[in-house]
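Report on one structure; see the data block that follows.
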Amino acid sequence: MKTINENAPQVSSWQTYRRLLAFAKPYRLLLVAALIAALIEAAGTTGFLALMKPITDETFIYKNAEVSRWLPVQIILLFVIRGAAGYITDMAMGKSARSIARDLRVKVMSKYLRLPGSRFDSEPVPSMLIRLGSDSDQVAQAAVDAVKVMIQQSLQVIGALALMLWHSWQVTLTILVLAPVLAWVMDKVARRYRRISHSIQESGAHLLQAADQTLSSHQEVKIYGAQQSEMERYSGLADRNLRLAMKVESTRGISTATVQMIGAIGLSALLFVAGAQALAGRLTAGDFVVLMTSMLTIIPGLKQLTNVQNMVQRGLASAERLFSVLDSPDEPDQGQVPLTRAKGLIEFRDVTARYPGQANPALADVSFVAQPGTVTAIVGRSGSGKSSLIKLIPRFYEAESGQILLDGHPVQAYALADLRRQIALVGQQVMLFDGSIAENVAYGEMRQCDAGQLERAIQGANAMEFVAQLPEGLQSHVGTKGGRLSGGQRQRLAIARAMLKDAPILILDEATAALDNESERLVQDALHKLMPDRTTLVIAHRLSTIEHADQVLVMDQGRIVERGTHQELLALGGLYSHLHGMQFRERQA
């Protein structure tokens with residue numbers, strides 16, 4: 001069976017970031033407002049630094065009472081404006097970031113629902129949840145939150161440097177000699193963060209996957225005494241995640257210490273050169289205080305600009321994981337043949353199918369015809385290819401070779417949506433969603449059905465006898481995955497869903513295999529009401545349930561090894577007869 005190619009070409013950080021910024025376009029007005037507010041906030045910081053000169057010179061040296069009275073008012077006004085601008089920046093950036101995360105989640109979720117079935121075999125659901133959860137948040141942080149920090153701190157650093165140049169270009173140029181060293185440090189930090197970020201994202205997905213497997217199988221874990229081994233496995237994964245996290249902390253600590261050391265060298269240079277300028281009479285005490293406070297503003301700004309690299313690189317690593325999903329090809333859907341309601345003639349012609357990475361085919365040279373309105377039973381040992389066969393009809397997977405036809409046309413000739421409207425599926429593992437009974441029966445495109453149709457479907461599926469006893473009737477909630485209902489009740493709701501759909505093709509995948517005798521009787525009775533006038537394919541575990549099938553296909557190792565009616569196959573004395581005899585002896589025992 002065909003799969004998708006997940007080996008995406010390598011792209012640079014800038015290409016990834018540029019593509020990421022495209023998600024910010026719908027919010028550009030918010031971002032422009034945030035940028036203007038950030039400029040005002042940075043100007044407020046620079047203005048406060050500039051006030052250091054009159055505060056020092058006019059208040060403490062020249063004793064200017066008039067200036068001293070107005071300076072506190074100016075400082076208060078400055079910080080009111082700066083605070084308002086900071087609030088606008090935070091709100092606009094926050095709204096943009098959360099909106100981008102929401103858009104990414106919806107886009108990736110929509111993409112997952114358009115991917116072929118092979119994707120769900122190659123990527124575990126916990127990994128998908130990581131992409132929809134923390135990956136989307138970290139991408140939003142990289143796209144907006146990191147930009148906010150970079151803009152705010154960069155503007156403040158630029159403003160402080162401009163102020164320093166204004167008061168003493170000689171001192172400022174002396175400090176700027178350290179800029180290449182700082183740039184080298186930031187580049188090294190960014191590269192290391194990106195390497196570690198990829199590993200951390202994968203490690204988090206493995207942790208979630210391990211927890212999901214263990215907790216969802218808690219009964220098996222307890223009954224087989226596997227708590228210790230599962231905890232050791234999870235602990236090992238958690239330890240690896242911790243080691244990677246500590247590498248991030250180590251990088252952050254080293255980079256912070258390095259930036260602070262560079263800042264200390266800069267301060268020392270400032271003191272040395274400014275002292276010489278002051279002795280020469282070219283620098284007042286106010287100028288010196290401005291230079292000093294500006295430098296003390298620059299150092300934390302540079303520190304934050306270095307630390308924000310972690311946020312950016314983690315976001316870029318998450319973006320690459322999300323883009324690998326968005327860039328995956330959708331299910332092939334180029335069908336043009338119109339299809340309103342199929343007659344139900346299904347034909348397999350020499351169909352071979354293979355799962356990715358498997359040497360032996362799941363199906364090999366399978367050929368048969370299912371006439372409209374007939375029942376075709378598919379039986380065989382576990383792993384013989386029964387489920388693989390029926391998954392090809394709605395094109396959950398694609399065949400490697402051969403043809404599958406519906407009403408004389410290859411199934412690829414129909415649009416996927418039209419093809420799947422012709423099929424109702426009732427499986428052994430019924431999937432109910434956390435909602436009401438009515439919402440689960442009238443599911444998907446059937447949401448617009450009227451109350452009469454819904455009740456007739458539930459009545460026909462022998463489900464009304466238990467639905468009527470529930471406190472809220474059709475509006476009763478079924479719980480997560482239908483956990484508030486028994487297996488037989490869930491199965492009857494699945495049959496009601498199929499009845500409501502009224503599709504010309506019905507697929508039953510071991511629909512009664514896990515039920516007790518009473519539940520099986522009710523479900524079989526409901527199925528007998530559902531099957532007439534439809535092309536029905538039944539995967540049967542209990543051979544007694546398919547004795548009246550129009551044809552029985554016996555599969556072994558991906559091939560049809562016998563075919564005929566129940567009586568013909570018993571008379572043949574082959575594999576079917578052997579399986580039937582085994583089940584008969586089990587029932588007698």
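Heads up, the Cβ atoms here are built off N, Cα and C, so glycines get one too.
Now, the feature entries from Swiss-Prot:
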- 29-49: transmembrane segment (TRANSMEM)
- 32-314: domain 'ABC transmembrane type-1' (DOMAIN)
- 70-90: transmembrane segment (TRANSMEM)
- 157-177: transmembrane segment (TRANSMEM)
- 261-281: transmembrane segment (TRANSMEM)
- 283-303: transmembrane segment (TRANSMEM)
- 346-582: domain 'ABC transporter' (DOMAIN)
- GLY380, ARG381, SER382, GLY383, SER384, GLY385, LYS386, SER387: ATP binding site (BINDING)
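Around SER384 (ATP binding site), the same-chain residues six or more apart in sequence whose CB sits under 8 Å from its CB are MET555, ASP556, GLN557, GLY558, listed in sequence order.
For the recorded ATP site, residues GLY380, ARG381, SER382, GLY383, SER384, GLY385, LYS386, SER387 set the reference point as the centre of their Cβ atoms, and the other residues of that chain within 8 Å of it by Cβ are MET555, ASP556. Note: GLY380 (ATP binding site) has non-local neighbours LYS386, VAL554, MET555, ASP556, LEU575, LEU579, i.e. same-chain residues 6+ apart with C-beta under 8 A of its own C-beta. Here the binding-site residues are SER382, SER387, and the one whose Cβ sees the fewest other Cβ atoms within 10 Å is SER382. In this structure, LYS386 (ATP binding site) is part of a helix by DSSP.
For the transmembrane segment (283-303), the residues of the chain that approach it from at least six positions outside its boundaries are 45, 49-50, 52-58, 60-61, 153-154, 156-157, 160-161, 163-164, 167-168, 171, 175, 182, 256, 259-260, 262-263, 266-267, 270, 274, 277, judged by C-beta separation under 8 angstroms. Of the binding-site residues GLY383, GLY385, GLY385 has the largest number of other Cβ atoms within 10 Å of its own Cβ. GLY380 (ATP binding site) falls within a strand segment according to DSSP.
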